[in-house]
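What TrEMBL records for this protein:
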ACT_SITE  Glu431  active site, proton acceptor
BINDING   Thr149, Gly188  FAD binding site
DOMAIN    26-143  domain 'Acyl-coenzyme A oxidase N-terminal'
DOMAIN    285-446  domain 'Acyl-CoA oxidase C-alpha1'
DOMAIN    485-665  domain 'Acyl-CoA oxidase C-terminal'
Amino acid sequence: MSEITSSIPLQINPDLQEERDKASFNVTELTHIIYGGIEKTKKRKRLEKLLFSDPFFQEYQNVRAFGSRSEYYAASVKKSTKIFKLRRQHKWTDEEYETVLDICHDDLALTLHHTMFIPALERLATEDQKSKWLTLAKQYKIIGTYAQTELGHGTYLQGLETTATYDPQTREFVMNTPTLSAMKWWPGSLGKSSNHALVLATLIISGKKYGMHPFLVQLRSMDDHKVLPGVRVGDIGAKMGGNSVDNGYLILDNVRIPRNNMLMKNAQVSPDGKFVTRGPSKANYATMMLIRVQICTMAYQVVSSGATIGIRYSAVRRQSKLDPQDREPKILEYQTQQYKIFPGLAMSYAFLFASRSLTRKYEEAFAEIQRGDFKSLPELHCLSSGLKSFCSEHSVRQVEIIRQSCGGHGYLNAAGLGMLVNAAAPMITVEGENTVMYLQLARYILKRFAGAMSGQQLDGSTSYLSMDPATYVCPVMSETDCRNLTALCDIYRYRSYMTVCRVARQVQHDMESDMPQHVAINKNLVDLVRAAKAHSYYIVVKDFVEGVDALVASAPVIKVLRTLCCFYAAHGIAEYSGDFLESEAVGLHQLKWIKNLQVSLLGEIRPDAVALVDAFDYHDITLSSALGCYDGNAYERLFKSTENDPMNKEEVHPSYYQYLKPFMEEMNKSKL
Ligand SMILES: CCCCCCCCCCCCC/C=C/C(=O)SCCNC(=O)CCNC(=O)[C@H](O)C(C)(C)COP(=O)(O)OP(=O)(O)OC[C@H]1O[C@@H](n2cnc3c(N)ncnc32)[C@H](O)[C@@H]1OP(=O)(O)O
Ligand SMILES: Cc1cc2nc3c(=O)[nH]c(=O)nc-3n(C[C@H](O)[C@H](O)[C@H](O)COP(=O)(O)OP(=O)(O)OC[C@H]3O[C@@H](n4cnc5c(N)ncnc54)[C@H](O)[C@@H]3O)c2cc1C
């Protein structure tokens with residue numbers, strides 16, 4: 001009788017334990033730093049315990065892995081409603097609720113209700129409207145979504161075709177989807193879950209268009225969830241990932257809504273049809289900016305989850321030979337393996353600090369905006385557009401590299417990496433497609449650069465554009481200088497300055513050669529995006545350096561974070577060496593030193609790699625990965641995962657009787 005079983009050993013895999021034993025710093029101390037203090041970590045742990053003591057959360061993993069799309073959606077609705085109920089029962093604050101959503105790490109079917117519908121009501125409704133609609137939404141008496149994107153237009157909001165035509169006779173808006181391309185297409189939770197939608201439509205009064213405004217439209221009956229007259233709504237189909245969410249389509253045919261259903265914080269239509277605006281014209285774009293900021297935090301969660309799985313697995317997987325006399329080494333010993341995974345590890349900490357800094361700036365600016373002061377809006381719009389694009393692009397790419405680094409097993413659903421990549425991939429597209437968002441940043445940078453050239457004193461994230469480039473000397477004079485974080489940051493800043501300067505001069509030159517502005521811009525789009533990326537990279541490195549410098553922590557924690565920060569910056573210079581050389585931010589000597597440093601830092605990070613991912617403190621259910629589980633018993637967990645596979649339910653699959661058996665019989669009878 002074979003002794004091979006799928007039972008999970010009670011003890012930690014000794015290979016992983018060995019890693020934990022040799023960590024140079026206190027993991028718990030770093031965990032507290034990551035979560036904002038001991039109290040917050042404790043609170044998170046309490047919430048985690050409360051959630052995961054319910055066996056449903058474990059069963060949900062099986063439905064996610066093996067259920068049909070419809071079963072997965074249903075389980076996710078159940079999960080959403082369970083969480084909603086728990087929130088009421090335990091009177092969670094918004095912060096506690098956000099923590100629960102972070103712990104769940106999963107697209108909930110009703111996610112749009114809290115990620116966009118409620119924030120949109122908070123930002124776009126008047127106080128009177130809030131007391132009605134926001135109260136209902138927060139009590140889950142209505143479930144809503146944010147319906148902006150159409151089949152024909154997602155990016156170009158001025159091209160949206162859905163109309164809201166004011167009828168002064170009845171004091172109603174008449175909502176219409178005039179063409180196929182005008183149908184709403186993509187909104188999450190729209191297809192089957194929501195009974196209300198915030199529909200973004202072009203306002204028309206007496207035949208005149210007044211731009212895009214938000215309208216609250218009821219879609220389904222509150223008695224039986226049946227679709228209301230004039231409304232056609234459904235699911236848009238299976239996607240690469242995120243299939244627990246019913247992204248939907250919506251067609252409106254002369255649907256009448258009361259005048260008060262237009263959210264009127266930023267613009268009003270009076271009963272007799274007069275239009276009045278308040279605040280800047282882009283005030284109705286406020287919800288998108290909030291989510292762009294949140295996407296940076298999501299990118300941190302994505303890449304840190306991927307790094308946790310990749311590093312723990314690489315510490316328990318043994319393969320091939322390094323020393324011919326020794327046993328097979330852990331694959332984490334191979335320098336190439338470290339080179340695939342440690343950039344994701346360093347990026348996790350970089351994005352932690354960058355997203356924290358962006359969130360702080362957002363909260364400060366939002367408080368000003370609430371007081372009617374919009375001066376920080378342009379800076380915040382551009383910073384959030386750039387960082388949203390940068391963090392999503394880099395995290396998705398890095399997690400795919402980590403998936404590949406796990407060899408064949410990384411390709412299994414049970415590894416959790418494929419699902420992570422596919423769930424995270426839309427971060428690149430949602431809330432403004434990345435290229436388009438980089439170009440928003442580039443447009444702002446060009447204007448600021450022109451301001452600096454004409455002697456304006458700049459402030460905020462672009463203040464460095466008023467530097468005098470003639471004063472720049474590469475601050476790295478020796479190999480040892482390469483470890484100086486301020487010097488590395490200066491190199492990024494100068495690279496960004498030169499990239500911006502070059503494209504600004506080119507656009508100006510093209511326009512002076514009588515090229516129309518739009519032609520000159522389009523001729524330089526690739527370089528404009530390059531400039532926005534260089535600026536975003538500089539901001540992330542700067543936030544990382546400043547974040548580590550400002551930390552109050554023990555010497556070992558500071559040391560390990562400084563090493564990671566140095567590696568992050570050195571790796572970026574090595575990876576984009578062409579740009580750094582071309583801009584003369586570094587010379588060939590410096591590049592060689594920085595590349596050497598990058599490789600030697602791999603060896604310095606190696607002993608702390610497992611501890612650095614343990615500090616993220618992800619629960620096994622949150623990670624949902626046989627390869628990345630805390631105990632390191634990856635093989636047992638992989639084997640265990642096959643038990644729930646419906647393919648293994650019967651010894652002989654029905655397809656044998658249907659197809660294979662008759663086929664084999666036919667083949668065996670055949671004379672050929
Ligand atoms: C651990 C596991 C985690 C897994 C993670 C999974 C994640 C999955 C996803 C989660 C769910 C996501 C839900 C998604 C929801 C959505 O996608 S909702 C739809 C979002 N749609 C968009 O974002 C549309 C993008 N387009 C735009 O924002 C705009 O059209 C535009 C590109 C910005 C252009 O706008 P337009 O009105 O055409 O403006 P212009 O005439 O070009 O003027 C631009 C000027 O306006 C300024 N500006 C633009 N936007 C803003 C703003 N938000 N705030 C302030 N100012 C703004 C801009 O700077 C220009 O200013 P000037 O240069 O001074 O003129
Ligand atoms: C999973 C998921 C969830 C979503 N959830 C919602 C939701 O809840 N509510 C909602 O309203 N929407 C939602 N969306 C829609 C999303 O916001 C849009 O897909 C997104 O804004 C991009 O717009 P698009 O699809 O029209 O892309 P397009 O604009 O068609 O982009 C296609 C290509 O054209 C390029 N391009 C377009 N314009 C320019 C330009 N000006 N300059 C240079 N290049 C350009 C882009 O870079 C891209 O390469 C969701 C989408 C996804 C994938």
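Here the Cβ of each residue, glycine as well, is placed from N, Cα and C on the backbone.
TrEMBL entries are annotated by machine, without manual review.
Features as recorded by TrEMBL, highlighted on the structure.
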{"residue": "Thr149", "record": "FAD binding site", "Cβ within 10 Å": "18"}
{"residue": "Gly188", "record": "FAD binding site", "Cβ within 10 Å": "27"}
{"residue": "Glu431", "record": "active site, proton acceptor", "Cβ within 10 Å": "23"}
In the domain 'Acyl-coenzyme A oxidase N-terminal' (26-143), how many residues does DSSP call helix, how many strand, and how many coil? 94 helix, 0 strand, 24 coil
Between Glu431 (active site, proton acceptor) and Gly188 (FAD binding site), how far is it from one CA atom to the other, in Å? 12
I'm checking region-level scores; what's the whole-number mean pLDDT for the domain 'Acyl-CoA oxidase C-terminal' (485-665)? 97
